[in-house]
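K.L.:
First the structure, then my questions, so here it is.
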Amino acid sequence: MRTKRVFHAVDSHTEGMPTRVITGGVGVIPGSTMAERREHFLAEMDHVRTLLMYEPRGHSAMSGAILQPPTRPDADYGVLYIEVSGCLPMCGHGTIGVATVLVETGMVEVVEPVTTIRLDTPAGLVVAEVRVEDGAATAVTITNVPSFSAGLDRTVKVPGIGEVTYDLAYGGNFYAILPIESVGLPFDRAHKQQILDAGLAIMDAINEQDEPVHPLDAGIRGCHHVQFTAPGSDARHSRHAMAIHPGWFDRSPCGTGTSARMAQLHARGELPLDTDFVNESFIGTRFVGRLVEETEVTDLPAVVPTITGRAWVTGTAQYFLDPRDPFPEGFLL
């Protein structure tokens, strides 16, 4: 057997959404911060992402995380979040998966009943508290980066749909949030392709007409997620379908999307601090969110969210790159 590269991985899923945690084979990515490492990775190493996320090693909804040494003294590990759509500043379900893998594999000192793990991410420091019972990770609560509303009742002209009203919020990534009935579609997986097509059209229109940019980091820009809320959703329990570029649905309730949703509801005066919020995915799995603090991002009112969810280890693997492989960077259909 011949191979140009060997990548070591622990696979997991968080409430139905995969996280392939890369524990070796990448090396230390250049950069003095995880944000700089992300920029270097995107510019010089994106073939590693596509090799590991795209077919034939991955699939059209694959997600993962690359472990790195931290760039700051208060963190245990650095994390770079990868998926078919790109390299994210932050990923909530991925963080829950990473924290579970670190505990289940003994890559951190395990303390019962709670093991605290501090992760250095491109979006900032993220703290994960892992509930441990008999040595097993049973749930993870993450304290996410400050999240904020970037605009309520915004409008965008979408080809094939017309004028669409949406709220824009940030929870580690930017999210357009709107009721699914506002685009004339039912909340029904039988209509998933129509829902996905509408989501992609909306995010393309937003990015063409009014691309969002994080006020503290110009490298965090663009809307690549559209959260369609189901009829009957409110500030205590919300169901949604999360359409994601370049064309797939989140299987989990989406951690950064849950953070953005809570920031939106707080901005509307509907979700106070210290109140549980249940966010349910398109397949019926759930995260429990809570806003624990008000803060600011530049001059924007912001909130600090926590998200609680579960993940399970599904296997370990080594991924190779045979020098004769006709798809050295993978492919997508």
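Glycine residues also receive a Cβ, built from the backbone N, Cα and C atoms like all the rest.
Not my notes, these are from Swiss-Prot:
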ACT_SITE  CYS91  active site, proton acceptor
BINDING   GLY92, HIS93, HIS225, ASP250, GLY255, THR256  substrate binding site
ACT_SITE  CYS254  active site, proton donor
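Relative to the rest of the structure, where do these features sit?
P.N.:
Under DSSP, CYS91 (active site, proton acceptor) is assigned to coil, being neither helix nor strand in the three-state scheme.
Its own atom aside, the Cβ of HIS93 (substrate binding site) has 33 Cβ atoms within 10 angstroms in the protein chains shown.
In this structure, CYS254 (active site, proton donor) belongs to neither helix nor strand by DSSP; it is coil. Long-range neighbours of CYS254 (active site, proton donor) (same chain, six or more residues apart, CB within less than 8 Å of its CB): GLY92, HIS93, HIS225, GLN227, MET242, ASN279, SER281, PHE287.
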K.L.:
Please list residues from the chain of ASP250 (substrate binding site) whose Cβ is under 8 angstroms from its Cβ, counting only those at least six apart in sequence.
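P.N.:
Within the chain, ASP250 (substrate binding site) has Cβ neighbours under 8 Å at MET17, HIS93, HIS225, MET242, ILE244, GLY257, SER281, PHE282.
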K.L.:
Give me the Cα-Cα distance between THR256 (substrate binding site) and CYS91 (active site, proton acceptor), rounded to a whole Å.
P.N.:
6
